[in-house]
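Asks: Feature table excerpt (TrEMBL):
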{"type": "DOMAIN", "residues": "3-140", "note": "domain 'Nucleoside diphosphate kinase-like'"}
{"type": "BINDING", "residues": "K11, F59, R87, T93, R104, N114", "note": "ATP binding site"}
{"type": "ACT_SITE", "residues": "H117", "note": "active site, pros-phosphohistidine intermediate"}
Amino acid sequence: MRTNRTFTMIKPDAVKNGYTGEILDKIIKAGYKVIALKYTKLTKQEAEGFYAVHSDKPFFEELTNFMSSGPIYAAILEKEDAIKSFRAFIGATNPVDAAEGSIRKLYATSLGENAIHGSDSDENALIEGSYFFSKLEEVE
Ligand code: UDP
């Protein structure tokens, strides 16, 4: 399995707040190669499918309402040790706990509306990437 790719979404809060350009710029300047990129809007059902692993959590309804509330950017990124480095780059789930300079520290609104997603394992990066992109849409 590939260990050098991750999947990300710039979430509806960050898109709405006009941070897409700054976030993409930081991602590219941090050395991630954009393999695939898409501007789209999830339906409630698509958001539920993406976050199915959290379906028993108390925040599931709020999360899927939020993720289907406005457009997002979805992308597959490539860099050595992508999963681990990108999780550090975006910062902790709750922006209050996120490191200075991290994407969530800079751009997140709250714990739920936290600007950006990053896959937590190689396996999930593959599953999540293929939720949005076909093989033909990945530019090597
Ligand atoms: N989330 C939330 N409340 C919580 C925990 C998570 O609304 O108490 C949201 C938040 O948007 C987070 C997403 O659910 O990014 C997925 O949660 P996870 O624990 O997988 O965090 P992540 O991997 O995104 O940091």
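Just so it is clear, glycine is given a Cβ too, placed from its N, Cα and C backbone atoms.
Unlike curated entries, TrEMBL annotations are predicted automatically.
Here the structure is a predicted model, which means the values were calculated and not measured.
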Asks: Using the alpha carbons only, what distance in Å do you get between K11 (ATP binding site) and H117 (active site, pros-phosphohistidine intermediate) once rounded?
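Replies: About 7 Å separates the two Cα atoms.
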Asks: When you look at K11, F59, R87, T93, R104, N114, which the record names as binding ATP, what is the longest CA to CA distance in angstrom?
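Replies: Between the outermost Cα atoms of K11, F59, R87, T93, R104, N114, the distance is 21 Å.
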Asks: Let me spell it out: for each of the recorded positions (R104, H117), count the other Cβ atoms within 10 Å of that residue's Cβ, using every protein chain shown. Which one has the most?
Replies: R104
Asks: Give me the Cα-Cα distance between F59 (ATP binding site) and H117 (active site, pros-phosphohistidine intermediate), rounded to a whole Å.
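Replies: With the alpha carbons as reference points, the distance is 16 Å.
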Asks: When the Cβ positions of the binding-site residues K11, F59, R87, R104 are compared with the atoms of ligand 1, which fall under 6 Å?
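Replies: Cβ under 6 Å from ligand 1: F59.
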Asks: Among the binding-site residues listed here, K11, R87, whose Cβ has the fewest other Cβ atoms inside 10 Å?
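Replies: Each of the binding-site residues K11, R87 was scored by Cβ atoms within 10 Å; lowest is R87.
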